[in-house]
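Copied over from Swiss-Prot:
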- 103: active site, nucleophile (ACT_SITE)
- 433: active site (ACT_SITE)
- 484: active site (ACT_SITE)
- 493: active site (ACT_SITE)
- 76: N-linked glycosylation site (CARBOHYD)
- 192: N-linked glycosylation site (CARBOHYD)
- 215: N-linked glycosylation site (CARBOHYD)
- 1-22: signal peptide (SIGNAL)
């Protein structure tokens, strides 16, 4: 059944668009959006295409209550034990959203960043997505995440409170169960005025502002504005308020998220003074960064604001432009082979940008999106090239060619001759570190898989019974070697953060 489903996706892309290596970007684009349907939590919609998944986590938030919106939100507790209907009559709904990778926790920090990266793909390349027949699926993917984030804010009472996580990483990782009938704790965690999380509040503001720009939703924009104010007024890292998150998605600071959120709000509001003033007054615009990631958004903020071209050409804006250009130059200037560009990345012998042994592909796709949009910015601005140090320069065409090389590597033009996008091509990872994919579908095998019994499937050493099509695994090591083992979570686990930017990149590489 699954192979047939994948075949249908490929057939649906009626015009095959292949590059010099024979890669079909249209099919890869379709699969990348299919992946998000495989990551859905909550009650699945009638149009759900990934049929081996089923409804899951339908009681998320049900054990929580918050004060009625007519009353001031509590800033002290997240679980209401009172029975007074006037003070505690709103049951929390935290269903929906995405599982971030191969486990069953809903981590708000990477989920919000995923929504922002997906929205950026739509904002930049919506016309190309539409021409490929995938704009509707892309907007559905954005909306599924944005709707959850909106509920996480509204269910917390709105204003200065936000639910930021459902589930506990330690208890989840002690079990190997499919999401449809997991029995691990579904604890919900909140930040508020007394237990702040300015980083995650600002990131959620960025997600909703970017989604508002992609979906033209005034409701999303209102929540984004409220969350930005919350973030500015109550500074503090969210993992200090929610220690359960610290081991998995700890934050290194909040200034990048605040600048990133201000940039998206500036765009979504058409340049409202509040956000341009915040940007102009920012004392830390990041310098030259080593990467763009779920924890470090300075590069994204710099790119967004340079793309606008409407801010003053001096002060912090000029600094951001210089920093962004140096980041890009560091990536594309190499001494060949194993030579290192600056900025913390180097090229593997096979030509892959390489930062880290754990899910390196997330950095590859995010950096590639920045390069793609900047190349288009140079073209639109009629700039002949990007000037790098030592008199070197890179034309928009050269930047785009570099992006293409990274995408082609992911799709199979690499020393392993393996596609790191699951389901694409004739050879791709068979043992993905992903609970739902590795366990029998509840539809074909409804018998419960116990917490510890599931580890038999983790350790089985056989192909996944369900192909999580469109997922991009963590990828090979610095020498282009990949170990296709489900236990190899550093290389074999996919994430929504990795796939979100490639949606835009693949759309960009399609002919206009």
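These residue numbers are counts, starting from 1, taken along the chain as shown.
Quick reminder: no glycine exception, Cβ is built from N, Cα and C everywhere.
Among the recorded positions 103, 215, 433, the residue whose Cα lies closest in space to that of residue 484 (active site) is 433.
When the active-site residues 103, 484, 493 are compared by the number of other C-beta atoms lying within 10 angstroms of their own C-beta, 484 comes out lowest. Across the glycosylation sites listed here (192, 215), the residue whose Cβ sits among the most other Cβ atoms within 10 Å is 192.
Checked against residue 493 (active site), the recorded positions 103, 215, 433 differ in C-alpha distance, with 433 being the nearest.
A gap of 29 Å separates the Cα atoms of residue 103 (active site, nucleophile) and residue 215 (N-linked glycosylation site).
Under DSSP, residue 484 (active site) is assigned to coil, being neither helix nor strand in the three-state scheme. Residue 433 (active site) sits 33 Å from residue 215 (N-linked glycosylation site), taking the Cα positions as reference. Taken residue by residue with DSSP, residue 433 (active site) is part of neither helix nor strand, so it is coil.
When secondary structure is read from DSSP and collapsed to three states, residue 192 (N-linked glycosylation site) falls in the strand class.
According to DSSP, the residue listed as 'active site, nucleophile' is assigned to coil rather than to any helix or strand.
Cα of residue 192 (N-linked glycosylation site) to Cα of residue 215 (N-linked glycosylation site): a distance of 28 Å.
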